[in-house]
Amino acid sequence: MENEINYWGVPDSPIDWCEENYIISKYICEFYNTFSSFIITAFGVYGIFLMMSASSRDQALFQHVKIMKELKIRQKVLFSYLSLAIVGVGSAFYHATLLYKNQLFDEFPMMLTASMFVYCILTIDPVDEKNDTATYKLMRRFLPYILSLYVIVVAITITIIRDSPIILQSSFGLLIFSNVFLSYMYTSRCLKTPVMESNPKKFLYLCIASMGIAYISWLTERKLCNNGYVIPGVQLHAVWHALTGLAGFYYIQFFITSCLEKHGYKTKLNWNYGIASVRGFIKSY
């Protein structure tokens, strides 16, 4: 009967979230979780917009993009924001259907985005051909291939083994732990100034705060869900979507700001509708 009523048929994903299925529309399994996923995409698209500006009307942004091109980090940033945007699209497909094939469309971009963040944090420091060891230079050369292989192996594994969410959770968790650890090591080693005087630290702390609240929302819903809600009228998984999108946006801004200051550029925060982004300008020496 459910196959006849619901457009996508019976959900076959091993995970069902708190929001009740097909309550608002027979075409969308989890209505609020579906549309909140596009907030993640919106943050990715906004980040791409900031990197694509070629208008001289906004001189600060125009110069910022020019500096990014000179430092040869613009392509990395564009790819990071593109992968973040795809996470939102994949998540929307998944929550709209709760089909396993679309769950993979959600999980593959998550792995790709997290691995891209690891790549970014490991490549803030430029390779020093004179002083860096041969082992380090070899690692930097093969780093993209190592991370790509990791993502491919995990993708193949979760495609074959359907009923074991722990595989994705542990694999993705390892990338997130790596991001946290590497970011901590970088800030401890290179960012000695207090947080109020350090723009990279500000972005990193904004990222941590967003991700922390997002995780609390996710965990609370998983543990305390009752009849489709924890708090009546509030979908905490939708809050998770919005804040993880924001955290991803801020992490990339942390990377950009760190690169700019590493190369001697000054930075400032630009606030637009409550969202901060960086602008790089003149050399500080």
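All positions are counted from 1 along the displayed chain.
Glycine is treated like the rest: Cβ placed from N, Cα and C.
The annotation transmembrane segment is assigned in Swiss-Prot to 34-54, 77-97, 104-124, 141-161, 166-186, 200-220, 236-256. What Swiss-Prot records for Asn131 is N-linked glycosylation site, and it gives sequence analysis as the kind of evidence.
When Cβ-Cβ distances below 8 Å are used as the criterion, the transmembrane segment (236-256) is approached by residues 17-19, 32-33, 35-37, 39-44, 46-47, 68, 73, 77, 80-81, 84, 87-88, 91, 113, 117, 120-121, 124, 179, 183, 200, 203-204, 206-208, 210-211, 213-215, 217-218, 220-221, 230, 275-278, 280 of the same chain, each at least six residues removed from its ends. Sequence-remote contacts of a segment are chain residues at least 6 beyond its ends whose Cβ falls under 8 Å from one of its Cβ atoms, and for the transmembrane segment (166-186) they are 107, 110-111, 114-115, 117-118, 121-122, 124, 150, 154, 157-158, 204, 251, 254, 258. Same-chain neighbours of the transmembrane segment (141-161): 104, 107-108, 111-112, 115-116, 118-119, 122-123, 167-168, 171, counting only residues six or more beyond its ends whose CB sits under 8 Å from a CB of the stretch. Listed in sequence order, there are no same-chain residues at least 6 apart in sequence whose CB falls under 8 Å from the CB of Asn131 (N-linked glycosylation site).
Remote same-chain partners of the transmembrane segment (34-54), defined as residues 6 or more beyond its termini with a Cβ less than 8 Å from a stretch Cβ, comprise 28, 61-62, 64-65, 68, 74, 77-78, 80-89, 91-92, 94-96, 235, 237-239, 241-242, 244-246, 248-249, 252, 275, 277. For the recorded site, the residue listed as 'N-linked glycosylation site', the DSSP three-state label reads coil.
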